[in-house]
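Per TrEMBL, the features are as follows:
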type     : residues                                                        : note
BINDING  : D31, L32, E33, F34, D35, S80, L81, E111, R134, E170, K285, K309 : NAD(+) binding site
ACT_SITE : K113                                                            : active site, N6-AMP-lysine intermediate
DOMAIN   : 741-820                                                         : domain 'BRCT'
REGION   : 769-801                                                         : region 'Disordered'
Amino acid sequence: MDTFQTIQALREELNQHNYNYYVLDNATITDLEFDLKLKELQVLEDKHPEYFDEDSPTQRVGGGITKNFNTIAHETRMYSLDNSYSKEELLEWEKRVQKGLGTTDIQYTCELKYDGASISITYEDGKLTQAVTRGDGFQGDEVTTNIKTIRAVPIKLKGDYPPKFDIRGEIILPLEGFAKMNRELIEIGETPYANPRNTASGSLKLQDSGEVAKRPLDCLLYSIIGNNLPFKTQFEGLEKARQWGFKVPKQSALANSMEEVMAFIDHWDTHRHDMPYETDGVVIKVNDLHQQEELGYTAKSPRWAIAYKFKAERVATRLKSITYQVGRTGAITPVANLEPVQLGGTTVKRASLHNADQIAKLDVREGDEVFVEKGGEIIPKIIAVVDKDNRPKNSEPTIYITRCPECKTELVRKENEAQHYCPNFYGCPPQVTGRIAHFVSKKAMNIDSLGLGTIELLYSKEKIHNYSDLYFLKYEEIVGLEKWLDNDEAGLDNDGELQVRLDKAIYGLSKNWGNLTLTEAVEIGKKIKKITDIFTIDTSELEIDQKRFKIFISKFQSAKLNLNIEGYKNFENFVSLNYLLYLKFPNYFQDDFFSKDELNNIKFIDNLLNFERLKFDEKLYKKFETFVINISDRNRVSIQDISAKKIIESIELSKQIPFEKVLFALGINDVGEVSARNIAAHFKNIENIMTASYEELTNIRDVGKSVATNILTFFANTKNVASVNRLIQQGLKFKIEEKELSSDKLNNLTFVISGTFTISRDELKNKIEENGGKVSGSPSKNTSYLIAGDNMGPAKREKAEKDKIKIITENEFYKLINEE
């Protein structure tokens, strides 16, 4: 097999694996094996650019920049659906359909309604040629480059597909991927995304397709538009789409009556939380395409389809208190602390109150019984007070705080903004530690040995006051430091039981029972709702040590059988503290060892260590102490010998982080990864940025008025400048490392190389870069020249000619740089 055949075979194999995983839901290869094969293909393609193919699996990584999204008219309008909110409304719709068709012999399809961003994708001769957002239904934004980065979207089709058609569906963000993105944001002190739908929609409009590729977007398709389609019903169309390689939702069904439609709705209203995506209803369509055509459309929507919207989930519970959180930027967020209640399959004990205006609008007060609703938001929200008229006589209106809950500084509220802010930028502990957490985060300086708990410990012990202090830390100063973190209450008080989070429970139990890591315990905790579910889950795809997990299960099962009790106080997402103590210390603890009064009087689980009536010998007490610390929600943070050495080493290693990441790490408001990269590339060094004008800043891609203003404000502050100067003194990279140029003759020119030459491809690439030019792997509208060598790949030539890119020979290139 020659090189070209090897490349083609790898492409076909990877495409088949994608099809198996995304369409058939049957993984035939591990993620690691897939990545290794993809890397193998990438290496071969880099060595042989003459075999470039824009449809290769390697092209899904993105990297292209779209400055402006073209507006494209839909060949067939993207209508909206009428909504119904009751079964009576569905029956009225059925009557209209029957009247319009003059028959009651009608079959329906029922499909889940996914809460995502609508998309229309065009295929010609089996190849993806265009992707357009819904827009206003008549026209939308072309986002083809971004859509190609989503692995669930096929670039080439298989089977008996029509020559040209559009397929429509939703770009969605799975809940697990959304939660992971938000955890990463919270870890660095950033505001989490509001909901999966808006995040998916915003992702499609990112200018850098490389950033889109990093997001765990998915695509579900459900409607084919075109002429002479090879099927006669909606349901047949779904099956055809699946055969051609599209990811089509499995949760669809045929219904021969409205009673069967209702049964489908009732089933999924109950089971929608089993889905990995946000669903907000059911779409009911007339199945027969001829009947659809006969019914036609109103001015806004098809007469042959309707959406049944699930009722927003709401429950009533008691508002215990209102507390206030301070973010990295000083923004104040009021949080409602609730009596625990089950909502949407999870236990809820907090809800959002947004801001002072929302509190005033709801007239919500501590002690009120309130309605809590859960939509697509990251946390539930209070939507109303149940009964204002029957409040106790001593009920007092909520007075929004005027001072910071952390540092007591008087709050400010900017004009036309709903949020209050603490202006104590340099002295408010959560702001300072939040900025340092952002600085050390993976996407910034990547100092992975410094978590938020350790940062707060170092700050509380006055070892650091800002991120530049990190580079002056010494091993002797930090080894042995420790403190308790008061981050959260111990658990939920339910029938006098103190509860422990599942992941913490698993972590605590596994000590000497396999010794799972906290990360492993967290991964397992995500997969189960009750502690006893652990015996039935499939852990094959989890990144855990399977041998240790088997030991843990064996020990857990033995302890459970010896107790002769089955799932004592087995709450969802939590487990009873007493049950854990029975399991771990069966010879010491007996039924209800801790009374209701005792448990109600402790704030943190680790307060159990202060109970005088616990008479342990020294060895048993040490085990009990370790167990309590491991299951505590707050934990004790300490810096021991190995940790201290790792912290110092990680800080030193971070000095190699490139300039654009250092700039992002500084935490300038609204300067994200992409804008930091663009700013660094434009100005080359920090000195140029510090002296840049407003006009210079706003001329850079992704730098708007507010970002430019924030940059100017940041560097106008002498404390910020002092921190940057200290970082420069410590050797951090504050300039772009570029090769010394022989000339600037090729400035602002981009080249693509294809074929073989009299010198090696690397030498040719170096000549381009040494004269100020850039080299790209494939032709695009931004390409200035294609340098054509012998045996040039036909695909690149065809693409260059189509985009009217100038094709030159090796000798013509030498003339450009006066090197003949």
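The first residue you see is number 1, and the count goes up from there.
Just so it is clear, glycine is given a Cβ too, placed from its N, Cα and C backbone atoms.
Feature annotations (TrEMBL) mapped to structure.
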{"residue": "E33", "record": "NAD(+) binding site", "contacts (Cβ under 8 Å, 6+ apart)": "none"}
{"residue": "L81", "record": "NAD(+) binding site", "contacts (Cβ under 8 Å, 6+ apart)": "V283, S301, P302, A305, I306, A307"}
{"residue": "K113", "record": "active site, N6-AMP-lysine intermediate", "contacts (Cβ under 8 Å, 6+ apart)": "T279, D280, G281, V282, V283, A307, Y308, K309"}
{"residue": "R134", "record": "NAD(+) binding site", "contacts (Cβ under 8 Å, 6+ apart)": "M78, A117, S118, I119, S120, G140"}
{"residue": "K285", "record": "NAD(+) binding site", "contacts (Cβ under 8 Å, 6+ apart)": "Y108, T109, E111, Q234, Q292, W304, A305"}
In DSSP terms, helix, strand or coil for E33 (NAD(+) binding site)? helix
Assigned conformation of R134 (NAD(+) binding site) - DSSP reduced to three states: coil
Counting by DSSP secondary structure, give me helix, strand and coil numbers for the region 'Disordered' (769-801). 10 helix, 8 strand, 15 coil
